[in-house]
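Working notes, structure below.
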Amino acid sequence: MPHRAASPAASENEFDITNALFQNDSDSDNDTSLKQTKRPQKAAPPQALDFLGGDIDDDEDDEAFIAGQQASANRKASNLKGRTVKKGGGFQAMGLNAHLLKAITRKGFSVPTPIQRKTIPVIMDGQDVVGMARTGSGKTAAFVIPMIEKLKSHSTKVGARGLILSPSRELALQTLKVVKELGKGTDLKSVLLVGGDSLEEQFSLMAGNPDIVIATPGRFLHLKVEMNLDLSSIRYVVFDEADRLFEMGFADQLTEILYGLPANRQTLLFSATLPKSLVEFARAGLQEPTLIRLDTESKISPDLENVFFSVKSSEKEGALLHILHEVIKMPTGPTEAAQRQKEQGDGKNFKNFKKRKRGDDKAINFQESPTKYSTIVFAATKHHVDYLYSLLREAGFAVSYAYGSLDQTARKIQVQNFRAGLSNILVVTDVAARGIDIPILANVINYDFPSQPKIFVHRVGRTARAGRKGWSYSLVRDADAPYMLDLQLFLGRRLVIGREHGDQVNFAEDVVVGSLPRDGLSTSCEWVTKVLENEADIYSQRTIAGKGEKLYMRTRNSASLESAKRAKQVVSSDNWTAVHPLFNDQGSQMELEREKMLARIGGYRPQETIFEVHNRRNGKHEGDEAIDTIKRIRTTVDYKKKKREMAEKQSDFVEDASSGNKGEANETEETGAQPDEDEEDIGEGVPDNMSMASESDLEVTFSSYNGGKAKKDSAASFQNPEYFMSYTPSSTNLAEDRAYGVHTGTNANFTQASRSATMDLLGDEGARGFAEPRTMMRWDKRHKKYVSRQNDEDGSKGTHLVKGESGAKIASTFRSGRFDAWRKGKRLGRMPRVGEEETPALVHDLNTAMRRRRFQHRKEQAPKAADRLRGDYEKMKKKGEAAKQRQLSKAGGAAAGGKSELKSTDDIRLARKLKQQRREKNARPSRKK
């Protein structure tokens, strides 16, 4: 075969080997690349690919590897059996048993995901783990695989050994399914305890000595109190979706459950984010935990380009529409995937049409790959999500939505529509998007600017992955300017406002701020105004969203004081309202001047108050009382302003003096002054203790300049600088600390590692988190007094509350005596205690009781007669014939509904008596003579 040129052209059959180089791009990290287990492959046709003059054997190995990858790309591991599937891949190196490896292969897993690769070895070592992973990243298998490996088989000793707590019924069912599939080949017993199921059935399940309990916190605590369960046998505890557990108000239940667990347990906590409440819970319930998170969770991609638009509050909806229409160029109407689905649905024959199960995308052949229109919009509250969803639907876009309190099934459908391409826009809150593993996006729009820099990183981290370009667009109001400046300090990037630097801006390295073009923005705002006038539902949604925004503004975190001061100067500058450099090619110099004039008119603030204007128009003289009052107020304000300016000039003078000293030092270096002879004598290997101290050393050692108060403070200070340990950090450069705080979370010290990973998200409907202050009393209209709000929040309104073992308040209805009544009804004696051997008699009694309780359908009914006028006539006719055949083929006994021919002794005695009476009657002589 002739030599082929070494070019970046696509290989034969359009085969992409990047999948072999980078496993799972969406969750990639800085770990070492996975080692592929070599297996004998079929010999590929020899190809001369001698790029660097290597040996022919190496080239043949590469060709065989590519051929094997190409062959495996066209098959699905879950559909193959036997030795055709790769046995476990990286799972083999984790020391798992053969049954578990076979179950993993049968499940379709070939290579562990990044979160599995990081957590499973640590869990196998017996350490407590706090793992940060989104839904869809394989975290369920990350804690189920080590659990099955540790438990191995069913224990004859009484007591559950594994406990998995999930926030919802759906997630618990999903976890049970994974446990069942990976537990094949073992005799481990697993039970599901969720709300809505029968308590009596769950009593029997817990009495059957299960090994693994998968439950929701509320129902498990109910059973713990009702059955007086002893949890001392539990060795493996998992809090799945822990942040959602606290968000849903399970903090008291988790505290009570945690109190009853033994101290020698292994505790795992998996969460999408790490709020402060969860950090406190982990410190209290986990022993020296290890924080594991991926680098993609904490870094902004260098390929991400950020754009910040300065807008007014009344123009936010119009700005969003302008970005979608003019910047992203998003089309309206149904998407290509929706049209393809409709065409495939219309082309099918009705007779051969088979109903597709929800979530089965094979019939449509969707590809969860991003398009240039895939956009996610972040809003503050769920009311904003509803409002924006209705507004964008009215504009003709294909939209999906999700928020925290949305039903689990509805949220799954909405997110799946976005992943499959049935919608181009997904409107979400931070709480809802926190645990969703969304594929790589093209654009992210921050409709409401985040209150923390880490939330911004969490939002935009979903785009610009795997070497792809991505854009983020943020709408910044005047009130959001301090938060934007905090973000700029956090990222350590240059701030560019308007066109002050001309065309020399880099959206990937700078924080570039500017306004939208006035013409397009005005058109979009007019359309929004028209829609609000015509659509009463959308108008009411906007009113509700406005009320929710007021509450959101009161509860969000405050920006730093320095950023708030800087924001006043930034917002008041002319460049704040200048057209963004992104629109450089959209207008001439005349158009720019027009934009500046309109911006000045829009930002005009009169110098006179309403009192002065009113008096001047009515021709009144200056001696009026209102004018005198305004003059006195203005004089006071001017005096304070001058005093503040003098203080700023003094601080600038001090800074100039310090910078001048640095400049002199730099000049000395530049002039090439010769060093002293003593310095030349110092060898390279000897440390130079007399070298110039760094700024950080000076900052730690010496206090900063504080004007004239320094002498007074030092004289009155009681601190001995040699022995005194301050409670504040020695470094006061908060911006530098924050910037360096974004690092990988594999530190051994959980306190230090969690400090950079902690991120509090405001609830999208005011949900209370763990250990947050709350209103303890409320006004009862009926009894005309204040009553405790505790009963309203824990779902036990109108019931008594009692103290649990940990001191937390729980509903007294948890101890209702239903378990004792059930045990007496089943005629069960003393229940075995934890640590005792389970008795076969108890298992037999439980199985018998369960069989006796469950109704078994034994009655057979004849099918309905076939109707010739119905479409299922042939089907019903066959059913009837089959039922007749079953009746005729029964051997022994009567047909269904027939009378039994077996007679009892009473029946025989009665029959004999009647027969004797008939005989006596017939034996009488005839009356006729």
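Including glycine, each Cβ sits where the backbone N, Cα and C put it.
Range annotated as motif 'DEAD box' by Swiss-Prot, chosen from 12-15, 240-243, 656-659, 684-687: 240-243. In this structure, A133 (ATP binding site) belongs to neither helix nor strand by DSSP; it is coil. Averaged across the motif 'DEAD box' (240-243), pLDDT in this predicted model comes to 83. Annotation for A133 (ATP binding site): spatial neighbours I115, K139, A142, F270, A272, R293, L294, criterion Cβ-Cβ under 8 Å with sequence separation of six or more. Counting every protein chain shown, 26 other Cβ atoms lie within 10 Å of the Cβ of K139 (ATP binding site). Summarised by DSSP class, the composition of the motif 'DEAD box' (240-243) is 2 helix, 0 strand, 2 coil.
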